[in-house]
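Peer 1: OK, TrEMBL features for this one:
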type	residues	note
DOMAIN	64-545	domain 'Major facilitator superfamily (MFS) profile'
REGION	1-40	region 'Disordered'
TRANSMEM	60-77	transmembrane segment
TRANSMEM	103-121	transmembrane segment
TRANSMEM	133-151	transmembrane segment
TRANSMEM	163-181	transmembrane segment
TRANSMEM	193-216	transmembrane segment
TRANSMEM	222-245	transmembrane segment
TRANSMEM	321-342	transmembrane segment
TRANSMEM	362-381	transmembrane segment
TRANSMEM	388-409	transmembrane segment
TRANSMEM	415-437	transmembrane segment
TRANSMEM	449-469	transmembrane segment
TRANSMEM	481-503	transmembrane segment
């Protein structure tokens with residue numbers, strides 16, 4: 001009996017009969033329009049092409065990255081500013097338990113809807129469009145955050161935090177996916193770090209703003225203004241984003257037709273020479289191995305059909321590499337959220353601050369230092385393609401900070417440990433996200449992988465809420481030791497991922513995965529269809545280590 005492809009997988013139309021058709025039929029209508037409108041980039045010299053790409057990336061960096069940074073800064077600020085409100089009397093005014101149990105419940109309830117709705121929300125980014133979906137999320141959580149300042153009891157706070165988790169659920173995976181619409185995979189690390197630095201900057205601005213509000217509003221209920229002021233600003237910024245956030249390459253501002261065409265070309269698979277015989281389907285003949293890898297890897301940003309494929313979602317949940325990345329994300333994100341939620345409390349317990357205002361000001365240096373470490377480490381990781389070594393070194397930095405913050409008997413040294421662990425823990429997630437994005441292909445698999453990764457990291461957020469108890473101050477043994485163990489486990493997990501990718505790359509170079517392509521060619525599939533179907537499982541896809 002001859003082999004037959006599943007009916008749902010077979011192409012509905014015959015493969016193109018000419019090399020030109022094969023190229024153009026696999027691109028979106030926007031790319032076809034760009035190709036017909038302007039062919040100038042085809043005749044550029046190497047120097048002119050480099051100058052044009054440099055100009056394009058500069059415009060992308062000024063249009064895309066600052067907006068993403070500000071959006072994530074507001075997201076992290078509105079999610080974690082409860083830590084500053086706690087110092088300004090939140091628990092006393094809402095009659096919450098003195099042992100911190102009610103406060104931890106308020107932190108936990110946010111993450112239940114947050115985790116549940118992350119994956120569905122990210123799958124809607126493509127359907128609705130980021131220029132509509134992202135501003136909708138921002139305005140929604142801004143309104144909820146503003147209303148958080150009006151609650152009068154702990155039950156109201158719990159309900160509000162649950163809705164805050166629901167409305168914020170999609171923003172981080174949406175931003176991570178959004179960047180892949182404009183940047184190549186070797187460019188993602190620095191850009192992910194730049195917008196994720198909003199997390200550390202939120203601690204800087206949040207600490208300064210909370211200090212100012214606390215000094216102005218000393219009477220009971222002054223903490224409410226932290227939520228109200230920051231929430232209102234978020235709403236207005238979300239409305240502005242509806243008008244200024246580019247939906248895709250076709251909506252970029254201030255780019256020339258030549259730059260726009262280059263932007264499409266950077267995201268599309270490189271055009272390769274074709275050979276055709278009477279008896280064979282069209283086949284690719286790439287000039288170099290590097291082009292073959294790029295042809296498969298970068299096509300994740302431009303899907304051929306644009307249709308939702310459930311197969312890609314399922315593959316995400318069965319991919320051992322994605323699961324290793326996600327598990328490691330849980331391990332090191334627990335420290336990130338522990339630091340975000342409890343560093344004001346931990347710093348106050350050190351006894352080096354004489355007032356609440358001083359305690360809040362002391363939360364600024366750790367996050368400010370973390371911003372510079374995050375950007376620097378991402379720049380080096382992108383430039384030298386150091387993914388594994390960068391992540392491992394930052395985890396080790398976190399471990400050193402944990403050890404110092406826990407074991408030292410000198411308050412100033414323990415504060416120094418908090419600065420060190422902040423530099424490590426705020427810098428790891430953007431590299432972790434970029435590393436996983438570098439090694440997944442297919443729009444919907446990539447979207448699901450990002451969301452799954454963030455589901456795991458936010459599960460670390462739930463864990464963090466139950467690690468630091470008031471009666472364990474100032475040592476907080478449980479919290480620091482659990483985070484120490486989890487970060488050690490993270491090193492093991494990312495190392496396993498690295499070894500798996502090394503092994504798989506060698507197998508592909510040795511031709512041990514070619515059967516995946518050969519089997520599909522027996523069904524008469526062309527190379528473009530095969531690449532779309534296999535994604536990162538294609539033998540020519542090389543993992544970035």
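Just so you know, the numbers here start at 1 and follow the chain as drawn.
Using N, Cα and C of the backbone, Cβ positions are placed for all residues, glycine too.
Note: TrEMBL annotation is automatic and uncurated.
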Peer 1: What residues in the same chain, six or more past the boundaries of the transmembrane segment (388-409), come closer than 8 Å to it by Cβ-Cβ distance?
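Peer 2: Residues packing against the transmembrane segment (388-409) from afar: 332, 335, 346, 373, 377-378, 380-381, 415-425, 427-428, 431-432, 435, 475-477, 480-481, 483-484, 487-488, 490-491, 494-495, 497-498, 545.
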Peer 1: Report, as numbers and ranges, every residue of the chain located at least six residues beyond the transmembrane segment (222-245) whose Cβ falls under 8 Å of a Cβ in that stretch; write 'none' if there are none.
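Peer 2: For the transmembrane segment (222-245), the far contacts come to 67, 70-71, 74, 77-78, 81, 84-86, 88-90, 93, 130-132, 134-150, 206, 209-210, 213-214, 216, 253.
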Peer 1: Find the member of 60-77, 163-181, 362-381, 449-469, 481-503 that has more C-beta pairs under 8 Å to the transmembrane segment (193-216) than any other listed stretch.
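Peer 2: Ranked by Cβ pairs under 8 Å, first place goes to 362-381.
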